[in-house]
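Feature list (source: TrEMBL):
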type	residues	note
DOMAIN	21-440	domain 'Major facilitator superfamily (MFS) profile'
TRANSMEM	22-39	transmembrane segment
TRANSMEM	59-79	transmembrane segment
TRANSMEM	111-133	transmembrane segment
TRANSMEM	173-196	transmembrane segment
TRANSMEM	227-248	transmembrane segment
TRANSMEM	274-291	transmembrane segment
TRANSMEM	303-320	transmembrane segment
TRANSMEM	332-358	transmembrane segment
TRANSMEM	409-435	transmembrane segment
Amino acid sequence: MPDAHNPAPAAPPPNKRKYCDASILIFINFMYHCNFVFMGATFKDLQKYFEINDEVRTLLRLAFVLPSMFSSPVFGYLTDRFSRKYLVALGVGVWSFSNLCASFAPKLWLFLVMVALAALGEACVNVVAPTLLSDLFVGDMRSRLLCVYYLTRPVSIGIKFLVRTLAPILFSNWMWCLRLLVVVGVVNMVLALVMLHEPARGELDGRQMEVTMFDEDLKYLLRNRSYLITTLALSAVRYCTGTLGLWFSPLLYKGLKIKYPDIEPHSVYSSNDLMFFLGGSLGLLVAYLISRNVKETYPRGDPMICSMGVLAAMPFIFLATELTYTDKYATYGVLFLGFFFLSMIWAITTDICLGVVVPSRRGSAIGIMLFATNALGHAWSSEITRLVAAGLTRYYDRKEKNPSNDVYAIQHAVLLTLLVAIVGGILYFVASLFIADDLKKAKGDAAE
């Protein structure tokens with residue numbers, strides 16, 4: 001028994017091979033995010049090619065989100081039972097093949113089918129990668145690598161900002177954007193097959209654990225209070241971010257257009273991307289540094305950081321919607337702060353999930369969490385916001401015809417989602433009441 005005079009031995013330092021494995025997973029995640037943001041940047045060209053209107057954007061989004069949502073628990077089940085190395089290679093291979101076919105699709109329906117297949121490949125890696133990182137590293141090193149893993153999202157937005165600003169011609173052809181990423185995908189698939197290795201499940205946490213029946217895994221997760229409450233909290237936050245991702249840039253542009261009639265959409269969207277890149281990157285890094293310093297002495301620290309981050313972000317995002325009518329620089333300033341605080345939750349939430357769940361059930365935990373956060377929020381929030389905004393526009397038009405009614409309607413519809421995110425912040429606080437016990441229980445179960 002370790003005590004004050006005989007402390008527990010420290011975890012062995014990670015070797016170079018583990019860093020190589022982590023680098024492959026991080027680069028694959030970066031590739032996925034680049035695909036998402038680049039396709040958003042080339043949407044106008046996609047519209048011209050298929051002769052579709054703006055409303056098809058929702059259809060494209062659902063074609064990606066729904067297959068990803070429903071397949072996540074399946075990949076969670078497979079992750080806990082089969083070789084994760086080959087699952088990663090399979091996921092990247094399916095994603096690459098689907099994107100290649102999509103780039104040659106002559107009809108919209110075939111393009112949507114390929115998008116759905118690509119979503120399956122991405123969902124596979126999104127479930128597998130965090131569990132691999134959890135078995136490659138432990139303690140602070142695991143938290144650090146998760147932070148880098150989630151940094152790929154704001155960094156990909158930063159890449160989009162640079163390309164859109166310095167070389168916009170690269171976003172002029174959606175087909176070649178896809179084909180370029182397919183080449184990167186094939187390289188990643190080969191790297192996964194040749195260089196990625198399969199760490200033993202749970203070895204760093206004390207022992208290798210036997211696989212249990214899936215119904216037992218479900219019962220375990222439903223009894224895990226920290227996991228359950230954190231999943232609900234993340235669902236509420238993703239309900240908000242799903243709306244912000246689709247509606248916030250158009251809202252900023254329409255609002256600023258009232259004050260600055262000559263402002264261009266490109267200027268607003270690029271500024272929004274820059275604020276997300278800067279605020280998101282700094283938020284993730286600061287959250288990791290705070291967590292690193294408080295986690296050992298204050299086990300409730302991680303969910304408290306998430307709670308404070310979400311609750312602090314909402315006033316700034318609210319202010320950003322209000323300031324669009326007055327000053328664009330003030331708008332971008334408070335928007336930076338909103339993204340900064342909101343981004344503090346992403347890596348820490350996954351770290352919480354991996355910490356309170358035993359190693360043999362982490363794949364199922366990640367898969368079910370992704371399913372729940374999409375089903376309860378992210379998959380539908382932007383469409384619900386569109387319907388609410390349309391209803392509010394009709395209501396405002398009946399009271400008084402005003403060209404700005406659609407701007408006010410979108411603003412108020414977006415503000416409703418901020419209230420949902422506040423519920424998520426409160427739920428993170430509730431999770432902090434149970435996490436210390438659940439962490440001890442998970443470590444005890446892993447050591448038995």
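Here the Cβ of each residue, glycine as well, is placed from N, Cα and C on the backbone.
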Do the transmembrane segment (409-435) and the transmembrane segment (227-248) share at least 3 Cβ pairs under 8 Å, sequence separation 6 or more? yes
Going along the chain, which residues at least six beyond the ends of the transmembrane segment (303-320) come within the CB cut-off of under 8 Å? 226, 230, 233, 237, 244, 252, 283, 287, 290-291, 294, 331, 334-335, 337-345, 348-349, 352, 415, 418, 421-422, 424-426, 428-429, 431-432, 435
Take the C-beta pairs under 8 A between the transmembrane segment (59-79) and each of 22-39, 111-133, 173-196, 227-248. Which stretch has the highest count? 111-133
Any chance you could find the range in 227-248, 274-291, 332-358 with the most Cβ pairs under 8 Å to the transmembrane segment (111-133)? 332-358
Rank 173-196, 274-291, 332-358 by Cβ pairs under 8 Å to the transmembrane segment (227-248) and hand me the top one. 332-358
Averaged over the domain 'Major facilitator superfamily (MFS) profile' (21-440), what pLDDT does the prediction give? 90
